[in-house]
Amino acid sequence: MIAVNTPTKTYGIGAGKATDMTAVISAVQDIGKHAKAGTIIVEKSTVPGRTGEFIKDTLAIHRPHTHFPILSSPEFLSAGTAIRDLLYPDRILIGSSLSSRSATNSLASLYHWLPSSKIIRTSTSSSELAKLVSNAMLAQRISSINSISAICECIDANINEVATAVGMDSRIGSKYLKAGIGFGGSCFGKDIRILMFLAEELGLQEVVRYWESVLAVNEWQRRRWVEGIVKALGGGLRGKKMVVLGYAFKKGTGDVRESLAGNVVKMLGEERPGCIVVWDDGCESEVLKEELRGLEGARVEENLYAACDGADAVLVCRELETSSTDANPELEDPRPFLNHPSEIDLLDLQNYLSSKSHSNLNKDDPLGRLYPEPACEDEENCAKCERSEQRHKGKINTKEAQTIDWKRIIMGLKAPRWIFDGRGVIDRAEMEKIGKDIGVEARVVEVGKVPLI
C-alpha cells in the first residue's frame with residue numbers, strides 16, 4: 001500500500017496546482033527493486049488521474065518482464081475520527097484494470113466485516129478521480145452556502161434558517177451547509193487545485209474557472225469577515241488585544257496545516273494590533289509557537305481565561321468541543337458519509353475478530369498485526385515520551401476538557417465585549433442572556449445574520 005505524502009508542487013511547471021509526486025516515485029522505485037513478482041500494489045495516497053498508468057510504466061523500467069497488479073483504493077478518513085472511519089466506512093472504493101480482478105478480490109477480502117454492497121469496484125482512473133471529486137464537492141458546498149450568507153447579511157435574512165429550509169430537500173441534504181469563514185486543512189484546497197491542473201492540461205478552461213471560483217469565494221469570505229471585524233472596532237486595531245479561539249483547521253485534531261485561523265491571524269497582523277493571543281486546547285503549545293514565529297505581536301496562551309482577560313474582541317475560528325453553547329450540539333461531525341455503528345454492527349465486528357485464531361489479539365491490536373514499538377533509550381529526557389505521558393494523564397486531551405465558562409470570559413472582556421463567531425457555534429441569545437444576567441452587554445456577531453461591512 002502506497003500511503004505517502006502528496007503535497008502540492010511549490011516550484012516549476014504546475015506550481016501551486018500540480019501534485020508533487022516525489023514520494024510516490026521513490027516508493028514505486030523501491031517496490032520495483034525489491035518486491036516479489038505478483039505483489040499487489042495499492043494506491044492509498046491522493047493522486048491525480050492516470051497515476052496507475054504512471055506506476056505501471058515506472059515498474060516496467062525496473063522490472064520489465066514482471067507483472068504487478070496495480071489497484072487504486074483511496075482513503076476517506078477524517079482527522080479526529082480515523083479509527084472509526086476505518087472500522088465503519090461508508091464505502092470502500094477499489095479501482096483496477098480488467099486484468100487485476102483477482103487482486104481486487106484479494107483486497108476486498110480484507111474487509112470481511114463489511115457487507116459487499118459497501119465495496120465499490122471501478123476502473124483505476126474512476127477511483128483516482130472519485131477521491132478528488134469527493135473532497136472538491138464538499139468544498140464547493142461550503143463556498144456555495146458562504147456566498148449565500150453574504151446575501152443574507154444584505155437583506156436581513158438568517159443564513160441558518162435558509163440553510164435549514166434548503167437542507168430539508170432530500171435531494172440536497174443538510175450536511176456542509178453551515179456558513180462560516182470557509183474551509184481549511186490540507187485536503188480540500190489541494191484536491192481542487194489538482195482538478196484544476198488536470199482540467200488545464202485537458203484544455204477545459206471553463207472547468208478551471210469554475211473551481212477557481214470555489215477557492216476565490218473561500219478566500220473572499222475570510223477576508224470579508226476580518227474586514228467586518230476591523231470596521232466594527234472603529235476601523236483599526238491599533239493597541240487592541242485580539243483573541244483567536246481555535247487554531248487547528250477543525251475540532252478533534254491538532255493539525256494546523258492550511259489553518260483558517262492562521263490566515264486570520266496574518267490578516268489581523270496587517271492592522272498592527274497591540275497583541276494577538278491564540279488559544280487552542282487541541283494543539284500542543286510548541287506547534288502553535290512555531291506557527292506564530294515571525295508574526296509580530298502574536299503569542300500563545302494555554303489558559304483560556306488568561307487569554308481572554310482584557311481582550312477587545314474574541315474571534316471563534318473553529319468548532320469548540322468544550323463549549324456549552326454550541327448552537328447545534330447534535331451535529332458533532334457534519335460529514336455526509338459518517339456511519340454511526342449500531343449495536344448489531346459492533347456485535348458483527350466482535351464476532352469477526354473472535355473468529356480469528358491469532359493468539360496475540362488484544363483491545364489495542366484487534367487484528368494481531370501490529371509490532372510493538374522499541375523502548376525509548378532515554379525516557380527521562382525524551383520530549384516525545386513526555387508528551388505521550390501527558391496525553392495519558394489527560395493534560396493534552398480535548399475530549400475530557402472542561403466546559404467553557406462563558407460568563408467568566410464575558411466578564412473579563414473590555415466593553416463593548418465583542419465576540420465574533422466565525423463557525424456558527426455560539427448561541428447568540430444565550431451569550432446576550434449571560435451578559436444581561438451580570439449587568440453587561442455582550443455583542444455577538446454571527447456570519448450570515450448580522451451585516452459585517
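Positions of Cβ are set from backbone N, Cα and C atoms, glycine also.
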(request) Given that TrEMBL annotates LYS131, TYR176, LEU177, LYS178, ALA179, GLY180, GLY184 as substrate-binding, name the residue from LYS240, LYS241, LYS250 that shares the site. (result) LYS250
(request) Among THR46, THR51, THR58, THR66, find me the residue TrEMBL lists at the same NAD(+) site as THR6, LYS190, ARG257. (result) THR46
(message) Could you check which of the recorded positions LEU177, ALA179, GLY180, CYS187 is the closest Cα neighbour of THR6 (NAD(+) binding site)?
(response) CYS187
(request) Sort out for me which one of LYS250, ARG257 has the most neighbouring CB atoms within 10 A, since those are the binding-site residues we care about. (result) LYS250
(request) Rounding to the nearest whole angstrom, report the longest C-alpha distance spanning THR6, THR46, LYS190, ARG257, listed for NAD(+). (result) 16
(request) Provide the number of Cβ atoms within 10 Å of the Cβ of GLY180 (substrate binding site), excluding the reference atom itself. (result) 26
(message) What does the structure give for the C-alpha distance between LEU177 (substrate binding site) and LYS190 (NAD(+) binding site)? Integer Å is fine.
(response) 21
(request) Round to a whole number and give the Cα-to-Cα distance in Å for the pair LYS131 (substrate binding site) and ARG257 (NAD(+) binding site). (result) 20
(message) Centre the Cβ atoms of THR6, THR46, LYS190, ARG257, go out 8 Å, and tell me which other residues of that chain have a Cβ in range of the NAD(+) site.
(response) ASN5, PRO7, THR8, THR19, SER186, CYS187, ASP191
(request) Would you mind checking how many other C-beta atoms are within 10 angstroms of the C-beta on ALA179 (substrate binding site)? (result) 26
